[in-house]
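Q: This structure is in structure tokens; I'll ask about it shortly.
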Amino acid sequence: MSMDVTFLGTGAAYPSPTRGASAVVLRCEGECWLFDCGEGTQTQLMKSQLKAGRITKIFITHLHGDHFFGLPGLLCTISLQSGSMVSKQPIEIYGPVGLRDFIWRTMELSHTELVFHYVVHELVPTADQCPAEELKEFAHVNRADSPPKEEQGRTILLDSEENSYLLFDDEQFVVKAFRLFHRIPSFGFSVVEKKRPGKLNAQKLKDLGVPPGPAYGKLKNGISVVLENGVTISPQDVLKKPIVGRKICILGDCSGVVGDGGVKLCFEADLLIHEATLDDAQMDKAKEHGHSTPQMAATFAKLCRAKRLVLTHFSQRYKPVALAREGETDGIAELKKQAESVLDLQEVTLAEDFMVISIPIKK
């Protein structure tokens with residue numbers, strides 16, 4: 001199963017001609033999951049090879065405008081492009097408490113009627129995710145007058161034992177959220193692909209006398225088969241080792257993680273996407289505003305033993321490599337060096353708009 005990540009917006013605070021506001025798409029076999037939806041995300045989608053109509057899930061890390069102000073417009077555009085296709089499955093939206101009310105208000109005030117259904121699942125933050133004076137209590141409201149296309153979502157509480165939030169667990173993936181520290185409650189997301197059955201051992205099948213055909217499919221799917229001679233063949237008799245799934249972790253704005261949930265969920269991630277708003281020389285300023293530097297991001301990646309670190313959410317002062325001036329000592333290339341110095345020169349990737357990173361199947 002193919003899997004890749006496309007960066008639609010890699011800039012902080014606001015969209016610019018060189019970097020869009022925060023938005024990342026994880027694509028699995030054509031289905032797209034959107035992580036954050038800053039202003040202008042739908043325009044970035046149109047410039048990419050992705051299709052907005054393929055989006056089935058949306059994850060919002062926190063309620064700062066550069067991470068979710070593009071959401072109402074995107075939903076409207078998907079609706080317009082859907083025509084009368086009312087059979088479309090509901091779009092699942094995950095984010096902090098208050099997100100459902102925001103979507104409801106914008107749809108109500110703009111008299112918008114979507115042609116598809118959507119459902120908002122809200123994560124309830126804890127008080128230690130932001131400075132005390134910035135914490136606002138948003139009640140999860142179950143309205144009788146909800147928009148006609150909105151289905152009832154869940155209120156998701158922290159699992160205190162796991163130190164994480166279980167968003168969903170299906171046949172292919174387990175997706176969880178973990179707490180981050182920022183000026184307002186922020187979250188990171190861990191997407192883990194489940195193990196898949198190993199390949200059939202052709203030689204063993206032959207030796208055991210299993211005839212080619214339907215029996216192969218059953219064994220591949222974990223079902224035992226009985227041969228004509230009465231011998232039962234179990235899947236473990238003929239299957240090679242299971243294929244370990246891939247892990248992608250995407251963090252919202254933060255100056256650190258809260259609890260050990262983030263470290264556990266991001267451990268040995270195949271791809272870790274972490275913000276690095278400012279360079280290391282401005283670490284105090286970054287922390288003051290709830291942000292990270294390359295050194296901070298790399299330190300977390302090293303703690304998690306992440307296999308690949310990608311930095312994003314750069315201050316708009318840091319232009320993409322192709323636009324950087326020759327001889328600059330405080331440009332984007334310096335951020336790469338700062339992160340790599342922590343990771344013993346392990347290569348670090350600097351995200352740019354429309355960059356696509358493939359996550360290959362593990363051998």
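Cβ from N, Cα, C; glycine included.
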Q: Have a look through Asp4, Asp128, Asp237, Asp253 and flag the one Swiss-Prot assigns to the Zn(2+) 1 site that His62, His64, His182 belong to.
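A: Of Asp4, Asp128, Asp237, Asp253, Asp253 joins His62, His64, His182 in the Zn(2+) 1 site that Swiss-Prot records.
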Q: About how far apart, in whole Å, are the alpha carbons (Cα) of His67 (Zn(2+) 2 binding site) and His182 (Zn(2+) 1 binding site)?
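A: His67 (Zn(2+) 2 binding site) to His182 (Zn(2+) 1 binding site), Cα-Cα distance: 13 Å.
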Q: What other residues of the same chain, not counting His62, His64, His182, Asp253, have a CB atom within 8 A of the CB centroid of the Zn(2+) 1 site?
A: Thr61, Leu63, His67, Leu180, Arg183, Ile184, Pro185, Ser186, Gly252, Cys254, Gly290
Q: Any idea what the Cα distance is from His64 (Zn(2+) 1 binding site) over to His313 (Zn(2+) 2 binding site), rounded to a whole Å?
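A: It is 13 Å, counting Cα to Cα.
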Q: For the Zn(2+) 2 site (Asp66, His67, Asp253, His313), what does the 8 A shell look like? I mean other same-chain residues with CB within 8 A of the CB centroid.
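A: Here the nearby residues are Ala12, Ala13, Ala21, Ser22, Asp36, Gly38, Thr61, His62, His64, Gly252, Glu275.
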